[in-house]
């Protein structure tokens, strides 16, 4: 991309940072509207945006165009996980949600394992634009599938729209009702939610700190996108993309295992309380993961 747009690797790397930022704000937006209008309308509105923005990325001729379309693309794809998890919660019982969400996450994370080498093949043999055209085609197919087959999964009376009508209020006919997407941030007043958010932020930060500099570390110094001292003299985009796959493979394997284990923990502690359920029971498994991380930091990576 840097060679094609006459730019540099660090500048093109901004597309990753901006897309992650846009995806986070997009998730706030789509989750707020899905709570009011339901899951299906949000998907039917976001997928066309994903389709158009993917075409825009494919035909970009300069860096500003690329960054702009990447931001819109990230917003268009943000319902994938944000609403996907809510759909799973709508469809499965309490003691089954962990396993269902684990399978959903595992299926979603297949892209983390396949996308880098497939993108490397596209860039090496054809053009980086081909992968974006493929994404636009996938978005169009998914829109048609959603339009024809995807039902509304929100429980009757649970949507804000149902409560709005029950109160006798009149909806605007020419525009959607305005919902402040930032109001969901008030949930962070809960100590548990803010701690979970910080932990997830640190986890994602760790992934990107490892992955974004990867081409600069292993690529040949003479390559266009890496003019720094590199160690491994790897210039093939396919091999560089393959280095990203282990992260996705690890998540694919771990997600369903963790989900099933969490369900068992929920059932166990609910039985101990005589049928009373506590949402925090799902976090007990994270204590084991935190202990393993702390142990490895102390004994495998001494200061």
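First residue shown is number 1, and so on along the chain.
Cβ atoms here come from the backbone N, Cα and C positions, even for glycine.
Please treat TrEMBL annotations as automatic predictions, because they have not gone through curation.
Per TrEMBL, domain 'Major facilitator superfamily (MFS) profile' is recorded for 1-303. Taken from TrEMBL, the feature transmembrane segment applies to 12-30, 42-61, 67-88, 100-118, 130-150, 192-216.
Within its own chain, the transmembrane segment (130-150) has Cβ neighbours under 8 Å at 40, 43-44, 47-48, 50-52, 54-55, 57-58, 76, 118-119, 122-123, counting only residues six or more beyond its boundaries. For the transmembrane segment (12-30), same-chain residues at least 6 beyond its ends with a Cβ under 8 Å from one of its own Cβ atoms are 1-2, 5, 42, 46, 63, 66-67, 70-79, 81-83, 181-182, 184-185, 204, 208, 212, 225.
Confidence over the domain 'Major facilitator superfamily (MFS) profile' (1-303), given as mean pLDDT on the 0 to 100 scale, stands at 79.
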